[in-house]
Amino acid sequence: MDSFRRFQDDDYKNWIKTTMGLNCLKTRLGGFLEHETETYHDHLRNKVNANKGDLCTTQCNLKKWMPRPKQVPQVCEVCEPWRDEIWANHSFKGGQVYWNNSKPYLWPTKKWEVAKVYMPRGNMDHTAVDQFDISAFLNLMTQCSYFAKFVKSKTLITQVTNVRNQVMHSADFRVEKRELESYLGRIKDLGQALKTHYPKFSELTEEIEQLQNTDFSFIMSCVGKKIVLAADKIPESMLKLQNFLSLEQQILKEKLECLSQRYEEDRETALTLEELQCVRVFLEGNNDLQKSLAPQWERLTEVQERVDTLTFRVDTLEMNTRTHAVCFSDPEFSTDILKYKNHLYEEARRQGWPEPVFSEIKEALGYRGRVQVRGQTFEGVQVCPKSKTAHQEVAKLALSQLAKDCASLSELANDTEEGEASSSQTDQPQSLSCTGPVFFGSVTVVLKTDITSGEGHSGMTEAVQSAYKKLALLLDLPESASSYKDVVLEHCHTRDVPPPEEAVQSDAEEKTYQCTLRFTGPITFYVPEGSSKKKQACQQAAKVALQRLSGVLGSKEVMGGNYVSTLKELLEAQTPQLDKPAYDVTDRGRGAGEVTERGEWRNVEG
């Protein structure tokens, strides 16, 4: 039946297995964190001497607090010691801390109001453990220093966070077989690390392995059968199907809500029109989901339409407002100011370029805007009192410069059609058609990471191959008919990287074996596409490194398109802390040529 056609797609079944694996982990994390968050809350209560009975009488509320890096909100004298202790135990003081998730006046009495400060935005209304998703749990364990004692390396948590982001932020509901093995392996590794602190994690490995081997044949065998309403007459297979489909709908609802939140809160990371269409096609192809997921789909499309309507209104205003120069610090011209950023977004959409990425530079007197668009980075010439105004000023500059460099924006569209830009590669640097230098970047990262095969291998060779398989998947190496060890060693040889150090251990009776690989050495990542500025070339090199090393370093939200800063922070967060990455930028001029995988410049005959 068309209603269940998705279960004929192996990659969709792999996606479901991954999300259900995360759900198995979440269930156990919920029980673990219910207890440990209570313990942490008691610890804070003793630290601030809250037992003396002081309560907040002003009902401090941070609903309108705007998260700012390295800043804490103002609260009353009763809430202040709680704020200071929560802040002292926060491991991400250099970035945004979502204080407005919580209600300070409830800190002395409600443990989850404290815990929500360590979670990402969107958890403001949650008050009980079963209301939080796995992202909230993982962020709590990463950001709160109290939980550092339970997991020796944050990498285990960041790797699972990366799995969650990959499956929930994508639009195609698909996971390849190789990715499935890697993803479920990371989930099991975190469970193994926590089982000594919470016995129920001991069952996680077996449950996930059963899930991985499930072929979902019971679904197709039950399709079309009539379900009797009396509970005692429902066959066991039908009950199993009902429970499975209920869990599937719960997962899909969470995914659509996650996509809506991304669209509403940060347009620069939201779905493209093509990705939105991908979700629509999936739902239209599975009739049984359309009704159950209708509210979530309507919300997603409603948010997207609201953004498009705003863009249309701004374009209409642009046609009717003054055409003279705008003073960017004067609120009188707010309607004029609105148009430039939206017009740049719209122009990028029409031309098929990647969406512009805006950020700002904090200076003594305000903000200077920055935008990355079509492989180029533009910086504002004015310092503006607000970051939004700075974005508008640099958007105007970018529109003007793009038109000037290439005679007209229509000529840029022709370049796009000739293959210099692609809407299917939304975040890649583009080849430039205008005259000027072209810079090619690379970054070298020195890794120090241990890869463990896991326990229970019956032979030494099996344990070694298992460890090399994990390392090959983390380094994103292609599948090969050769052994995983051969693939990894060939990779190290061709890139002049020291081979991993092997350490094999066995139990007392030498019946089971475990292998640990210590992978240490420099890896250089090159970007074959050129950029118009050196800084952009470095950003693109850092982005490639983040993509290739996500399985080793974990993942982290990239703020304002600053991949260089994100890579640096992830390296510093490793245990032991890794060295800073080294960047190299080469100006190849405008001659015909290309950069090979190893970064060597090769001329190409016309």
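Backbone N, Cα and C define each Cβ position, glycine as well.
A TrEMBL annotation is a machine prediction, not a hand-curated record.
Of the given residue ranges 27-55, 578-606, TrEMBL assigns the label region 'Disordered' to 578-606. Broken down by DSSP into helix, strand and coil, the domain 'DRBM' (340-403) contains 29 helix, 20 strand, 15 coil. A mean pLDDT of 80 is what the model gives for the domain 'DRBM' (340-403). Secondary structure counts, DSSP: the domain 'DRBM' (484-550) has 27 helix, 21 strand, 19 coil.
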